[in-house]
Amino acid sequence: MLWSGCRRFGARLGCLPGGLRVLVQTGHRSLTSCIDPSMGLNEEQKEFQKVAFDFAAREMAPNMAEWDQKELFPVDVMRKAAQLGFGGVYIQTDVGGSGLSRLDTSVIFEALATGCTSTTAYISIHNMCAWMIDSFGNEEQRHKFCPPLCTMEKFASYCLTEPGSGSDAASLLTSAKKQGDHYILNGSKAFISGAGESDIYVVMCRTGGPGPKGISCIVVEKGTPGLSFGKKEKKVGWNSQPTRAVIFEDCAVPVANRIGSEGQGFLIAVRGLNGGRINIASCSLGAAHASVILTRDHLNVRKQFGEPLASNQYLQFTLADMATRLVAARLMVRNAAVALQEERKDAVALCSMAKLFATDECFAICNQALQMHGGYGYLKDYAVQQYVRDSRVHQILEGSNEVMRILISRSLLQE
């Protein structure tokens, strides 16, 4: 396993320069507490969780503010993460992946997200793209595309959303018309994470008639004539990853780059998104966990009216509620991850529930943490505001939380 060469580190996050504290673990301030994210894990899971926490502390947390403020895409750091197996966490080992489970993946992304939620979210999307190729591609495609994705020598972006089709993804209009041994793509995709920087674009496009059965999945490689990108979007958060439109103008792509059969694209998209919802919910857990620790430490240090804020019962109760909601969200996410791994019939509904609950609750936790920091929480010298901004979009992407409610109710009503 790729973890064999890793040092055995304790699960802790350090301090950012300039007082930008993320998570401190010394003595009684350890994760051995009621919010300990290692509870219920086996020894192997605890070990790679420690590796992920340490990587977040050393490589991500000290840089997350700079990446955010300068809008830097941390290629070198992500490639270091890939050396630990994080570039292809749930990709099969024969093409360079770590071959871990969905639960293992959730544990890792939660830990990494404490160091930089935005960067971890991109890594999770990259993993989802690699999984689609690994799971639905033929052997030639798997061995061509997956190894450089697992090492993050190459980066991947997922192209589903269009200017006119967001939640109604099955109505997408980007066309792929077959001409000989190529498809000619025309159309555009919107809000694509990594666009312009990524090397591999997993594109859902229309090869047939209207509706989901007319959609196919095609890999478009950077540098293909007819592939271009829009301007870099200015965003509230997720600033360590670029977001652009992806544009196809008579873009000729080999038929050999089609993943799966014609008309299978929507199934691939949906299957990928089930896992993507677990991944993004796990990123929310990491942001919320870091925010709870930040708030706990602030309440112990900050004094008003001659007493530490921690002595105020209202603030005690609020902190208790934050911790309780964090643990509840984590349990939901991990339960859904196991259901997805086991391919249970209720997996789609459970993934939707976990994504809905975790992203809503964890954003609320981060936002409450900012409030409890008072004016300091609104300053960019303090990390809590970045967790708020980076976790807000999780309620929108990988299927908005309104769509999650549709999927959950549909599952209940069709029983």
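Each residue's number is its place along the chain shown, starting with 1.
Yeah, the Cβs are placed from backbone N, Cα and C, and that goes for glycine too.
Swiss-Prot lists 1-22 with the feature transit peptide. Annotation comment: Swiss-Prot describes LYS50, LYS213 as N6-succinyllysine, evidence class similarity to another entry. Look at Swiss-Prot and you will find LYS50, LYS231 tagged as N6-acetyllysine, backed by similarity to another entry. The FAD binding site annotation in Swiss-Prot covers 158-167, 191-193, ARG302, 312-313, 371-375, 400-402 and is backed by experimental evidence. For SER167, ASN274, GLY275, GLY276, ARG277, ARG410, the entry in Swiss-Prot reads substrate binding site. The annotation active site, proton acceptor is assigned in Swiss-Prot to GLU398.
Taking the features listed in Swiss-Prot, we show where each one sits on the structure.
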residue: LYS50; record: N6-succinyllysine; Cβ within 10 Å: 20
residue: TYR158; record: FAD binding site; Cβ within 10 Å: 25
residue: GLY164; record: FAD binding site; Cβ within 10 Å: 11
residue: SER167; record: FAD binding site; Cβ within 10 Å: 13
residue: SER193; record: FAD binding site; Cβ within 10 Å: 23
residue: LYS231; record: N6-acetyllysine; Cβ within 10 Å: 9
residue: GLN313; record: FAD binding site; Cβ within 10 Å: 7
residue: GLU398; record: active site, proton acceptor; Cβ within 10 Å: 29
residue: SER400; record: FAD binding site; Cβ within 10 Å: 16
residue: ARG410; record: substrate binding site; Cβ within 10 Å: 12
Substrate binding residues SER167, ASN274, GLY275, GLY276, ARG277, ARG410: largest Cα-Cα distance, in Å and rounded to whole number: 20
Cβ-based isolation winner (fewest other Cβ atoms within 10 Å) among the recorded positions LYS213, ARG277, HIS373: LYS213
Residues that sit under 8 angstroms from GLY276 (substrate binding site) by C-beta distance, when 6+ apart in the chain: SER124, ILE125, MET128, TYR158, GLU398
Cβ neighbour count (within 10 Å, all chains shown) around ASN274 (substrate binding site): 22
DSSP three-state assignment (helix, strand or coil) for GLY164 (FAD binding site): coil
